[in-house]
Every structure is written in structure tokens, then in C-alpha cells.
Amino acid sequence: MPKHILVAVAWPYANGPRHIGHVAGFGVPSDIFARYHRLKGNYVLMVSGTDEHGTPITIAADNEGLTPRQVVDRYNQVIGDDLYNLGLSYDTFTRTTTLNHYQVTQDVFRTLYEKGYIIRQETMGAFSATTGRTLPDRYIEGTCPICGYHEARGDQCDNCGHQLDPADLLNPRSKIDGQPPVFRETEHFFLDLPAFAERLRQWINKQEHWRPNVRSFSLNFIKELKPRPITRDLDWGVPIPLPEYEQRDDKRIYVWFDAVIGYLSASIEWANNRGTPEAWRDWWQNRQAQHFYFMGKDNIVFHTVIWPSQLMGVFSDGQYAGSAIGAFAEIPLQLPYNVVSSEFLTMEGKKFSSSRGVVIYVNDFLSRYDPDPLRYFLTIAGPENQDTDFTWSEFVRRNNDELVATWGNLVNRTLTNVYKNFAAVPTPGPLQPNDEALLAEVEGGFASCGELLEAARFKAALTETMRLAAQVNTYLSDQEPWKVLKQDRERGATIWYVALRCVANLRILLTPFLPFSCQQLHEYLGYEGYLAGPLNFQAYTEAHGMSHRVLTGDYESWVGTWAIADLPVGQALREPKPLFKKLDERVVAEELARMEEGRK
RNA sequence: GUCGGGGUAGCUCAGUGGUAGAGCAAACGGCUCAUAAUCGUUAGGUCGCGGGUUCAAAUCCCGCCUCCGACACCA
């Protein structure tokens, strides 16, 4: 019985290009997971988009002499291209500046407001003296009133570690233009998190399948919940859908409140775009559906506390959830089933830092290297359980000694031998026990690797699959078919047949991790169609006349399935070429020099 | 300051009560079909330090050293 699986992927922030640490955390793992479930025959809906509101966008715009709209248009394009080039198979990768997203966000806000979960409160806010915009705490610096440190931030002193209120700073000034901030009373809307505390506690307590750190961190976090402000004094964001605010352009919904709503709005957009406007309910108003969220560890509370509160608050009400009829009627919006958070990737032992030049952007990386080696590295050596380090020398080594040597070479030696000697899948003679044993072990990968993938243990899953590839190399070394073929053509053909069948199965087992090279292999083996793909961009124009680009794909046309591969005897092979390139050791020095150059 | 995470073979990392693991690097050997790729064997660790619980601890508890992260109006 196929399951409905929502793969909800963190929304990359559109204030600049994304580096490989970002895609290591949310992108590659979520795509492996989605591709696996599609191959299994489950109904996968994978959604995300660029997150385009908030103060950093307006600052980036000021710095570059552009409007916020121009900034997000540029980086939506860049980031979308990156994800496409990495083969991240979103059903819908959209953006938060669509009309649809504004409408869904406003509906959630209005529904929560009408149900009493959003309250108004006057607060003291800091504003830029020059632009009049909200000045977030971290953009204010001054002298720490406790230790006298001169560069304390508004929210915390980095020297003595005390938490601060920006109003306490001595000589406060804006980090953006150096001017002292203006403090004044301002009304804001607050999400009443304490109203959800007990429901959250009970719900999180039951989630024993979550990674332990996610669960305990969240349980700890909800011990002291306060109402959380969800609006900002800013002219860039989703307007507040109340009569007295709708025409004002100085107060908007806080970027985090609307960004998580993107998971829902993108699902609704997906359904509209494909002409089945109710189809999103199969995932959102279906108690059997499972929702998996992928993000970096810095985002955990937004996905385990704040977003679930919003969902609990809306429940089955509002313009969208409340309009359900038939089987979907009065079914509450589904809460996360699992929240898969990753740790952080570092770069040559340091934190990624665009300003300090300690960075490699995805588009820069892919201009010189192929996507599959990057996907391989980020899976086998990525920050799944703890922070891990990206180094160029380790990347070259993993590529040359593991990906190329173990898997690439197995494919290449098998295909070139079979192509040269038979040009097609050879007819085997009777299989011997060691032939059967190898096939059984490799075919067992569908169960062993599949189990690991379902548990979101990507590193272990890939390790297991690579172990199987190494087993086939061992088999070939033992059997020496290139020798046997000279004396006993039938036995030689049998050995190559067995190896080829293993390769055909590994082609499927590795597809979630290495979609591009597995497609290539699929074709060399003489199969037709898309093993898993293709991705494409579609432009959609909304009611207000503006159009935007969506990354999507024709995944229903896939011919791959997560099951023992059928390899018809006599199927003609295509002339093979190596799947991967071996990298020269010199690229390590070149890339380090390039990074050094960027730091100047 | 509070909370949390890490410290396991030369390197990068698995491993949450039962004789210490993988990959790479190293040494030796086999093969030479294949992108000088592959296969085998060997060597290599008092699992940060000290104490405790247990028949049994890398794994649970306490203390310490050390590195890192989070601490909510940055996303």
C-alpha cells in the first residue's frame, strides 16, 4: 500500500548564493530520501523554495543599490539553478513572494488571530535613525554595561556571554550605518505559544523515533515558552491581513512566521499548477500521510515548536483547511512525523564565512566538478550526526579512492569486458553456489539499504551499498573471467553475466545518491527511458499578472523501481565510457590558492 | 551564566552493556580484464582523565580537562 510522504525541505535564504554547507544540511539528504521513496512507489511530495523576506534582504539591497525585489529575483534564479544542477528532485521549488504564498500566509494569520492565538502587545523597539526600519538586536552594537566590552551585540555580549537588551547598551549604534538607534513604543502581534505548551509537550513526548537530540532539545525548549512576536516594523514582507494594517507599509509579518507556512503554500501551489487544486489534501489532511522535515540544527525549534503550534492552531479551520469536503472534511492539518536535522559542515577546519572568503559556492563548485562526486562526498562524509569538515584533499581522495576506484572501476571493467566480448547481455550457463551467493548478497541491498534510508541513516546506507560494490570486485578477482573466457566460453559468459546483473542492481541501489551517473549507466546497459528524472523548470503566471519560475520534474515517467532488476539476456549494450573522472592531486593546491585569493 | 553535543587506530569517521570497527594512509603478497584501477594478508587504539554502578562499560552515573554549538525579534 503506497504511502503519502511529504518531504519538506528548509527554504534557502535569498540574500546570496548558497555554499556547499547549505546543500549538505538540507538539500542532498532530503533528495536521497525523496528519490528512494519514489522508487519504492510511494506518493512523494517534495516542496521548498527561496525564503525572500526579512531584514537581511533589505540590507543586501541597500548594499548593492537595488530594491529587495531585485535582490530576491537574482538569488532565486541563482539558487534554483544550483538545486537543478545538483539534481535535487523537488516537486515544487517556488518562492515566498508569490501571490499564492501571501494568500496562504494571510489565511493562517487571520485564522489564528480569530481563534485568539495571536495577541497584540506594545513593545519597545529599536529603529534605524536613517531608514526608520526595525533594527534587529544583532544589528546593534555598543559597550557592554556589565564588562565594558566595546563591541557587544544588542542581544548578547561576546566577551562576557551575558544576554543583553539593546536598550541597556552604553553608546548604542547601528552596525549598518553607525548611527545611534531610536527607541520607541510600537504595537506588535504575538503568537501565543504558551497556549500550545501542554499539547506540544504531549506530542513531542510521543515522538520516540526522532533523533534524540532533536527531541530532548525541543522538550527542553518548551519548558519556558513566552508569546513570540510575529510581526516586524519593516516594509518588506507579507502584509498583516487586518483592516487597519492592510494599507500600511511599515509593518509586516515576520519572515520566520511566513517561511514555514511555505511548506503548506508550496503544496497548494503544486496542486494548482498541475490542475488538481484539491490534491494537496492527500498529504495535509490525511492522517496516514507522513511528513519529514529536513534542515540544519539551527532551525530545529522552528520545526518542532513554532510551526507545529501554527498547525495546531489552524487545525481544520480557515479558508484552505476549512474548505475541505468529503473524506478530507474537518481533518486537521498534519504535524511533522519526523524532523531530520543535520549538523554543520566546516570548510578546511573553519566555519563557512562569505565575508572572510572561507567558502565554496555551489555554482562555483559545479563549474569545475560534477554533481555526483559532490553528492557522494556530502553523503559519505557529511554532517549527519556531528559537525564534519570539508577539505579539498579529502574530496579528491574520496573521489579517486572510493567513488572512482571501487564503484566507477567496477562498472567500467564489467561494461568494457562485456561490450568487447559479447556486445550484449551474455547468455549464462548454470549458476554455481558462489554466483548465487553474490547475487543474493547484492540483491539483499534492497532490504538492508532500504531500511537504513527509511531511518534517514544516509551515511550508513551508502557505506552498505559501497560494500556490496566491493564484494563484486572481490568476486571478479576470484573468478578471473578474462582468463576463464579463453578456455571455457560458457563459464566465462556466466561470470560476466553475474557481474553485470550485480551492476544492474547497484544502478538502482545507488540512484538516490548518484542520479546522474546511474542514468548514464542505465543507458550503457541498454535500458531505455529515465531511471529517475528528469527535472525541469516551469513558469507560472498568477492572477496579478506576475510570473515566477518553479523547479519541478516529471517523476511519474520514471522507469526505475526499488526492486531486483530485470536484465534480459541479449539486451544490446551501448558503448561504455568511464562514469567518473579521476581528479589530479594538483586541484587541491589550486583550490586552496583560489580560496586564499578570495580572502583578499 | 544556563542548556546541549563532541573528544575511539597516523587521518576522516561508525559503533548507546557482552571478546574494540570501516575507509584511507603504512608493510607484504596476488592479479594485470579495468580510469597504474582491483583483490588478499599484516600491522596499528590502556575508546580525553579520574572515580563509581555491573558478572560485564567506548556504551550507564559522578567529577575534572578540552573543543564546539544553542540560548528565541539573524535566517
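Every residue gets a Cβ built from N, Cα and C, even glycine.
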Which listed span TrEMBL calls motif ''HIGH' region', if the choices are A:12-22, A:89-99, A:133-143, A:485-495: A:12-22
Feature motif ''KMSKS' region' in TrEMBL, mapped to one of the ranges A:176-180, A:351-355, A:476-480: A:351-355
Tally of DSSP helical, extended and coil residues in the domain 'Methionyl-tRNA synthetase anticodon-binding' (A:425-526): 81 helix, 0 strand, 21 coil
Whole-number Å value for how far A:S354 (ATP binding site) lies from A:C144 (Zn(2+) binding site) (Cα to Cα): 27
